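Asks: What follows is a structure written as structure tokens; I'll ask about it next.
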């Protein structure tokens with residue numbers, strides 16, 4: 001019988017061999033193998049301060065009427081201590097815990113147990129069982145695409161309750177906003193910790209795992225590529241798309257209901273935020289099958305970055321405009337309202353059409369027409385880790401000839417419209433455009449670094465043909 005020390009050494013060799021096998025199969029896919037000091041410092045900063053940033057924004061609205069400077073001035077002047085602010089913050093309640101548990105459980109039921117039927121009667125909608133992109137280990141996962149269905153069922157029940165049943169008030173989310181924050185944090189940290197534990201001890205596919213040996217990096221960026229429980233519960237698709245994004249429009253509706261309760265009307269600015277963000281959410285679910293080919297699913301591993309981010313960061317900071325308008329009911333003049341609406345719709349059009357052009361180009365293997373003529377492209381080659389040579393086509397026509405990430409440009413235009421709907425009295429609602437600019441610029445750089453490593457000289461040919469990233473003639 002082996003001694004405990006021998007067992008430990010054997011397990012270490014086994015774990016190292018699994019890591020080496022994974023490296024050989026994956027190459028530089030999705031995230032780093034080694035962690036430099038800058039990356040580690042950035043990760044430690046986010047792990048420590050991202051939850052505090054969310055709390056600070058929400059607390060500022062609840063206690064300081066959405067001023068981001070007044071809490072700091074109070075603390076620096078000695079008018080208040082941290083304990084005063086914390087003691088004025090609502091704590092976790094049984095009611096909030098019950099609401100949140102019921103919400104997540106309901107979304108799990110809709111995700112796992114109700115097959116999609118929308119694709120059977122909605123022309124052009126792609127739902128039901130769909131295949132994702134090939135993983136680094138060569139696995140092609142299947143997904144039950146039913147997000148649009150889940151969104152519809154959820155909102156039909158929401159409006160039915162508001163109009164007829166009256167089981168709960170439409171303001172229920174706003175009324176429990178901070179206690180629900182503690183529930184969201186609990187779920188975010190629980191699922192992130194479970195995902196790391198699962199990656200070490202019972203991964204869905206060991207060859208799709210990455211270990212850097214740095215605990216903090218692995219915890220944040222994830223070990224498993226596609227952690228799953230059973231056949232259909234995929235952590236990455238569920239938490240990226242549900243429950244946070246389904247809740248996005250419900251949260252805004254609850255804010256609108258609170259505005260109605262407090263002031264007797266819903267302002268045109270609140271209507272604009274609900275409509276423009278509602279279009280964005282519906283677009284996400286209408287194109288959920290296309291989402292399987294995006295960077296989140298194709299390259300990111302599942303860790304705290306996605307687990308906690310989708311539970312807390314997304315629903316709490318992406319909805320700041322609606323929350324702000326509860327405390328500051330802005331009534332926009334007609335010209336301002338029309339300008340915001342047009343900017344938001346134009347941004348959405350650019351975002352959607354740019355992605356449509358790319359999808360059409362790929363689906364038809366360039367045998368299509370973009371803006372009335374055959375698309376231009378640069379053919380690139382790359383070699384996989386097993387020595388096989390592959391070819392790709394990078395389009396240089398249509399919006400993709402204007403900038404290499406022009407879909408992000410449309411996304412940023414829509415983001416700016418949400419913020420402009422809130423007027424100019426406070427900086428808080430403009431956090432979203434600042435954050436999205438940083439996020440999408442970082443994604444551009446991340447994606448281009450990966451493409452440069454993948455295509456080499458061919459990538460230089462492409463960037464020479466399309467020299468700008470986001471803004472033609474500027475950047």
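Using N, Cα and C of the backbone, Cβ positions are placed for all residues, glycine too.
All annotation found in TrEMBL is predicted automatically rather than curated by experts.
Annotated region 'Disordered' per TrEMBL: 1-23, in sequence order. What TrEMBL lists as compositional bias 'Basic and acidic residues' is 1-14. If you look up TrEMBL, you'll see 37-58, 97-114, 148-168, 180-201, 237-255, 262-282, 302-320, 332-351, 415-440 marked as transmembrane segment.
Context for these features, please: burial, neighbours, distances.
Replies: Here the transmembrane segment (97-114) has Cβ contacts under 8 Å with residues 144, 146, 149-150, 153-154, 172, 176, 179-180, 183-184, 187, 230, 232-233, 238, 242-243, 246-247 of the same chain, all six or more residues outside its ends.
Same-chain neighbours of the transmembrane segment (237-255): 103-104, 107-108, 110-111, 143, 147, 150-151, 154-155, 158, 170-174, 191, 270, 273-274, 277-278, 281, 284-285, 288, 291-292, 296-297, 302, 306-307, 310-311, 314-315, 318-319, 322-323, 325-326, counting only residues six or more beyond its ends whose CB sits under 8 Å from a CB of the stretch.
Non-local neighbours of the transmembrane segment (415-440) in the same chain are 57, 60-61, 66-68, 269, 272-273, 276-277, 317-318, 320-321, 324-325, 328, 330, 332, 336-337, 339-341, 343-344, 347, 405, 408, 470; each lies 6+ residues outside the stretch with a CB under 8 Å from one of its CB atoms.
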Asks: Establish whether the number of Cβ pairs under 8 Å between the transmembrane segment (262-282) and the transmembrane segment (332-351) reaches at least three, counting only pairs separated by 6 or more residues.
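Replies: Checked: the transmembrane segment (262-282) vs the transmembrane segment (332-351), in contact.
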